[in-house]
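A.B. asks: Below are the features listed in TrEMBL for this protein:
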type	residues	note
DOMAIN	57-188	domain 'ARMC9 CTLH-like'
DOMAIN	452-571	domain 'LisH'
COMPBIAS	582-603	compositional bias 'Acidic residues'
REGION	582-608	region 'Disordered'
REGION	623-699	region 'Disordered'
COMPBIAS	664-690	compositional bias 'Low complexity'
REGION	716-742	region 'Disordered'
COMPBIAS	723-733	compositional bias 'Pro residues'
């Protein structure tokens with residue numbers, strides 16, 4: 001009981017101290033009176049008493065030094081106890097300090113009986129002069145203080161009309177009053193009540209502890225899910241092995257009874273045992289009737305694949321290439337852009353492709369660092385739709401590789417031109433698709449995300465998504481994916497908050513779209529922006545929960561689980577979503593910045609070489625191989641060479657013109673669903689063996705990287721990317737649907 005009374009007395013003292021500090025005078029009187037009536041003792045906090053007594057001593061010492069004219073003692077105390085941030089940043093403190101220096105400079109002139117000591121006066125004037133040249137220099141442009149900069153150079157300031165005010169009897173008492181008020185205000189602010197100090201310290205400590213615990217929890221969950229996935233994989237392999245073993249035992253028993261094992265049965269067993277990479281080739285050309293074939297193939301499936309030596313492609317004369325890209329005919333420009341793209345997309349992943357890309361970058365193929373008005377990059381604004389499209393395809397190919405994105409991202413010029421092309425292009429669907437694809441890949445880099453948000457790209461995306469049935473599947477999917485990426489940033493959420501009603505309407509409409517590939521992106525964008533209180537309020541007002549629950553009735557298990565988390569976010573009262581608020585540091589994501597070349601880059605080629613025309617790698621190695629050889633198509637080349645026929649500006653084949661509404665023009669993207677027509681079938685080059693993965697694998701790269709790094713979705717399964725894997729392993733369909741919002 002005694003301990004309770006002691007602690008109660010201390011607590012009441014803390015309350016009294018705070019009320020006194022906050023100047024709740026009437027409340028303090030009532031509080032003190034009631035404590036007295038109830039017999040509750042009010043203890044004076046030791047800390048408060050100590051601080052008060054110390055503050056009073058400092059104030060008395062400063063005032064005493066002011067009165068006695070002790071310049072050294074005063075300014076030693078001033079610099080020790082007045083915070084430097086106040087002395088340097090507060091205009092009131094700066095002005096007061098200026099007048100205090102004047103006070104001590106002329107103190108002997110005002111208070112000496114007879115002539116002041118010349119040596120001491122010179123010392124004070126010198127001290128004041130030093131102040132004017134250092135700390136006081138900041139006020140030299142102020143009209144109020146400008147005359148006083150002449151004070152050290154005036155022989156007798158007492159008779160000078162500019163300083164008459166300083167020697168009036170009222171000047172010093174007024175300055176002293178200002179000093180007392182300033183000190184009272186400063187020391188009151190520094191005498192923070194113990195109750196407030198405890199609140200601040202504990203609050204900050206708890207916040208830091210919660211952040212640490214949250215980070216540890218996320219890391220522990222990531223590790224546990226990684227181990228769980230590995231365990232599940234081992235368990236599945238074990239079950240498969242047990243099943244195969246049981247079948248083989250049955251087969252051996254049947255053999256004892258005289259029943260023969262067929263080669264087809266043996267082949268099916270081996271296929272189940274082989275790794276995924278060998279199953280496709282195994283079904284063809286392997287003769288299992290030959291003794292030892294099955295065991296040899298099984299052992300070979302466990303052996304690491306040997307890398308084949310891939311020859312490097314010959315170097316090119318990039319000066320001539322860029323010259324013809326800027327000065328040649330539109331048809332030549334189109335063939336060159338196509339050939340340069342094919343060299344990148346069909347090169348073998350690894351040293352061959354890296355060499356091609358590094359050559360492009362080191363020679364600044366796209367003129368990203370050039371300030372010329374006729375650079376290669378300007379082909380994005382060519383009057384020829386084919387040239388514009390092929391330029392967009394080449395930029396998209398660059399953006400598919402990490403080093404290419406880094407090259408394009410070094411200047412915001414590329415981003416600005418892509419944004420302009422995206423907003424202006426209304427004739428060619430493929431051009432817009434490639435520009436949009438490049439921007440979506442750019443959104444993997446945080447600085448470019450920030451620039452896109454600042455440029456208002458979110459508003460353009462929302463506007464175009466208002467009518468999704470007039471968009472190709474590619475445009476729809478990449479638009480929603482890009483919107484989700486930008487909405488993961490706090491700046492993007494705040495941008496959405498400006499048009500919250502429109503954003504919510506567009507996203508809610510997209511929830512019911514027939515293209516189910518976009519659902520994870522829509523869910524991700526909704527979940528992210530609902531962390532903003534104003535957007536949550538708008539969503540509640542429009543009945544978003546009822547809309548979401550309609551889709552719960554119709555969706556599959558994965559969709560239902562995602563929507564349940566969105567509803568939970570919708571009904572949350574938190575001011576900020578700490579899970580998704582991971583941005584505005586501009587560090588890059590090394591884990592997710594992978595190289596993956598899309599097959600879509602070479603789909604539906606618009607131009608085919610005529611008889612005698614060169615194209616592709618043959619065009620490059622014949623006309624632009626190495627330095628010193630003039631191009632036949634260059635203005636400097638032989639005049640008798642046959643010129644390439646030009647493409648009329650603004651013309652495309654009928655099948656490539658116009659957009660579609662409703663279900664029209666599905667053929668524009670139908671081939672994409674089936675991985676699109678191959679370059680070879682379209683007259684293009686054959687992809688290198690083991691080469692470019694398709695668009696689905698491009699998204700797999702992004703998803704795996706995001707899953708490994710951020711776990712931004714609360715329902716996302718953690719996965720592990722096996723060490724040494726050269727490309728992202730394909731995601732199972734269910735896992736892709738869960739994880740694609742990453």
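The backbone N, Cα and C atoms fix where each Cβ goes, and this holds for glycine too.
Remember, it's a predicted structure, so these values are computed and weren't measured experimentally.
Relative to the rest of the structure, where do these features sit?
C.D. replies: Per-residue pLDDT, averaged over the domain 'ARMC9 CTLH-like' (57-188), rounds to 86.
Remark: secondary structure over the domain 'LisH' (452-571) totals 98 helix, 0 strand, 22 coil, with classes taken from DSSP.
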A.B. asks: DSSP says what for the domain 'ARMC9 CTLH-like' (57-188): how many helix, strand, coil residues?
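C.D. replies: Taking the domain 'ARMC9 CTLH-like' (57-188) as a whole: 106 helix, 0 strand, 26 coil.
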